[in-house]
């Protein structure tokens, strides 16, 4: 509360000080104005204030070119408390300074130039004239005239004046102004008939911003002019406001209707739908419900979505077709007899027909009755079982061996069976080379037989397609011969055993007897001799005889030729084939058995 009282007291003190200062100013005499009506003479006016002895106040003036203050030349012409300067005391381009003073002090002082204080007198002789009325008789146009101030020498061009006209209805308080103009004739348009107007005019120097005093008011009344006016209702004004309001409402309603009618389309344009995954031929509901089995069955029924059937094994390759090679078409190879008409009739592994090209194709869906499942499913069958199945059905499934080769091998097996005694004698003559570090030259037919025994484990199961016959058969190039089997056979015959030791391991004797049984038809030139002091145990006599008989019995069955080709699994591309993968046989593990020892005498008795 104390703070509020303090602030209020300070405000009152400040207000009193300002009022006292203004009162002090009003108490002193001041120059109110100086004006020149025509730019030839000028007058200055002042106020006395509270000074009673007016006779003591004087107006002093001085031109800047002079240095002395002079008293006013005329105190009477311009009126009370004024000083008039006629043309003899007026210099337009020379500044003046005036001041109010008495004998002891100066009350007020001003400096100016004559052209700065020009305030023309008001125009005179205002008048108006009716120009025309509207067809309805509601509005009328008039023209207002006046004369320049008589004190201003406008005709000679000593001063140029601009005029401002203001008008209003009689009952109104605000004046309407027109733009200043140089002409003394101004038209007024669209004045309402039956209304009275007031008009006034004032002027100013063209280069000045201060207007002079207004002229006398001119009253305009259409009834006084003798114009017959039909009293009617108020002028019907065009309802612009209502038009704007209703127009905006109509546009809003139209926009709402358009939005409602085009709502789905606009919704798609503003918020486009998220595309759902679509597969041709598959119902999207299956994907939503998670029925993957049905989706997989549908995909499997279409060729476009069918998965590739080649295996992931590294030894399954793609074979390119070289159809345009004319040299391969004219070349006669061993596979021409292999894929002859008789052979194709008996074996139908390559007899499927391709509807697109007319050539033979082993595409899997077209051969439902073949036994490829026994050799193609490498993932479901072990390597050993698959090898057994291939060896049992290799002639029916692979279809790649010549009949004459089989007959030749069978005749060779029969010859071996009918002449055991001869084989025994040859073995007795050739049983010592493994112990004498000597090499023999093998018979080509027997070497081929031995190589065929091991060719299944070292055969490349791929073949180059050389031609497709008009009948639809696929002609394959000759496969690579088994080199590893031949090397093993030669290494077996070339094994050397030293005679430094008087004992021989029973396992070594069995190996030698097995080798001799396989090479019973090979001629031997070198002769062997053994030490008389050597001997071997008799516990292996029965085993050796049994092994010898078993090896002789198994030799014809193992002499079956192994094919160097394989069947076509699927046509992968217009120039590529996928062959069936044939599992390589897994070699049986050899276990070191404890063996007895035999002497050289017992060995001579066993060896024929």
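In case you wondered, yes, glycine gets a Cβ from its N, Cα and C as well.
Feature annotation from Swiss-Prot assigns disulfide bond to 34-44 (among others); the stated evidence is similarity to another entry. In sequence order, 31, 33, 34, 59, 72, 78, 82, 83, 85, 98 constitute the residues six or more apart from residue 44 (disulfide bond) in its chain with CB-CB distances below 8 Å.
Swiss-Prot lists 72-83 (among others) with the feature disulfide bond. DSSP assigns residue 83 (disulfide bond) to a strand.
Taken from Swiss-Prot, the feature disulfide bond covers 97-111 (among others). In three-state terms derived from DSSP, residue 97 (disulfide bond) belongs to an extended strand segment.
Across the domain 'Fibronectin type-III' (122-226), the DSSP tally of helix, strand and coil residues reads 0 helix, 53 strand, 52 coil. Residues annotated as domain 'Fibronectin type-III' in Swiss-Prot, with sequence analysis given as evidence: 122-226.
Taken from Swiss-Prot, the feature region 'Required for JAK2 binding' applies to 267-352, supported by similarity to another entry. Per-residue pLDDT, averaged over the region 'Required for JAK2 binding' (267-352), rounds to 59.
If you look up Swiss-Prot, you'll see 413-451 marked as region 'Disordered'.
Per Swiss-Prot, motif 'WSXWS motif' is recorded for 211-215.
Positions annotated as motif 'Box 1 motif' by Swiss-Prot: 270-278.
According to Swiss-Prot, the topological domain 'Cytoplasmic' annotation covers 262-608, on the basis of sequence analysis.
Annotation comment: Swiss-Prot describes 238-261 as transmembrane segment, evidence class sequence analysis.
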Of 34, 72, 83, 111, which of the disulfide-bonded residues has the most Cβ neighbours inside 10 Å?
83
